[in-house]
């Protein structure tokens, strides 16, 4: 198959990199570099826009960045884009315990990609959101908070799924499909 485009995905997370490569398949050559980008406090959109702008300035060319979040309905969307910091502090079990006393364990998992052709160029955002439940940690395949998020309509957490299963239904998959469609339309 012909490669449509080479994309520099700026991330230090090897698991996210592997997921994106698996989801986008062989139509795109995904290259990677881990730059130390600012992680501002703000909405997911603000975080991704700032990361994409900073990465484009460093690279002086096209870049892709990503931010994920996990929001608990009982906590009005927290921890949201700060889930990484909560996870580093309390781990998956602590993330579950944060919501365990509430009646509802409903949550949303979200992923937002930011893509730009370079410094000063428009930044395009692609978001995927998936409804699910926060459950006690289960499974060992995956990373981050995968062991506590069970998508609605599924009997397994992300960490209990194979990479192929997770990458065919995840919040990252939904966002990556929008990104793929955009990139393919740009080539036509």
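A Cβ is built for glycine as well, from the same backbone N, Cα and C atoms used for every other residue.
Over in Swiss-Prot, the protein carries these features:
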BINDING   11-16, 51, 67-68, 84, 143-146, 171-172  ITP binding site
BINDING   39  Mg(2+) binding site
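Positions of Swiss-Prot features highlighted on the structure.
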residue : record              : contacts (Cβ under 8 Å, 6+ apart)
11      : ITP binding site    : 17, 32, 34, 65, 66
13      : ITP binding site    : 143
15      : ITP binding site    : 142, 143, 144
39      : Mg(2+) binding site : 47, 51
68      : ITP binding site    : 16, 83, 109, 110, 111, 112, 144, 171, 172
145     : ITP binding site    : 70, 83, 87, 92, 95
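DSSP assigns residue 145 (ITP binding site) to coil in the three-state reduction, outside any helix or strand.
In the shown protein chains, 15 other C-beta atoms lie within 10 A of the C-beta of residue 143 (ITP binding site). Under DSSP, residue 68 (ITP binding site) is assigned to a strand (E or B) in the three-state scheme.
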